[in-house]
Amino acid sequence: MRKVMAAKLHGIHVTAADLDYHGSITLDPDHCEKAGLLPLEFVDIWNKNSGARISTYVIFGERYSRCCILNGAAARTCQVGDEIIICSSHYIEAERIADFQPKILTFDKGNHIVETLSYVVERDGTGRYHFDIVNEGGQSLPIPVKAHGR
């Protein structure tokens, strides 16, 4: 089994931090469902402003609120307005990598979804892997992809 990236909210902004809550990150269920994140799923969080890296679990907040709230100890790692990356991972058999297409959502400063991307891995007849980033229209994007919404 290999640990692979399963879903990512890239460039979402922290809307609140609640030190007195007992842990987790509260997210808009609409964002989570579009990316494939489940309630109680463990995620890694990377703060683009400070470089802090933490892990916690997802809880759903109010639908369509565009919330991104760090709770409990996680609240110490992010400030309101910080741009973060939230990433989940799954374990899969290496042979299944070509069947697996994680979703990546990118955001503007108001936490509106700017783009929905997919990571696509294919294996050719010689056994070599090929990686592509594809937008909703099926168009391949250059690698690395520059984040939009800035």
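Placed from the backbone N, Cα and C atoms, the Cβ positions cover glycine too.
Per Swiss-Prot, pyruvic acid (Ser) is recorded for Ser24, and the stated evidence type is sequence analysis. All protein chains included, Ser24 (pyruvic acid (Ser)) registers 19 other Cβ atoms within 10 Å of its own Cβ. Ser24 (pyruvic acid (Ser)) falls within neither a helix nor a strand when secondary structure is assigned with DSSP, and so counts as coil.
Feature annotation from Swiss-Prot assigns active site, schiff-base intermediate with substrate to Ser24.
Contacts of Gly72 (substrate binding site) defined by a Cβ separation under 8 A and a same-chain sequence distance of 6+ are given as Asp18, Leu19, Asp20, Tyr21, His22, Gly23, Ser24, Thr56, in order along the sequence. As annotated by Swiss-Prot, substrate binding site applies to Thr56, Gly72, Ala73, Ala74.
The Cβ neighbour count for Tyr57 (active site, proton donor), using a 10 Å radius over every protein chain in view, is 15. Sequence annotations record features per position, and here Swiss-Prot assigns active site, proton donor to Tyr57 based on sequence analysis.
Among the record's substrate binders, Thr56, Gly72, Ala73, Ala74, no two C-alpha atoms are more than 10 Å apart, and one pair sits at exactly that spread. For the pair formed by Tyr57 (active site, proton donor) and Ala74 (substrate binding site), distance between Cα atoms is given as 10 Å, rounded to the nearest Å. Look at Tyr57 (active site, proton donor): DSSP puts it in a strand. Ala74 (substrate binding site) has a Cβ environment of 22 other Cβ atoms inside 10 Å.
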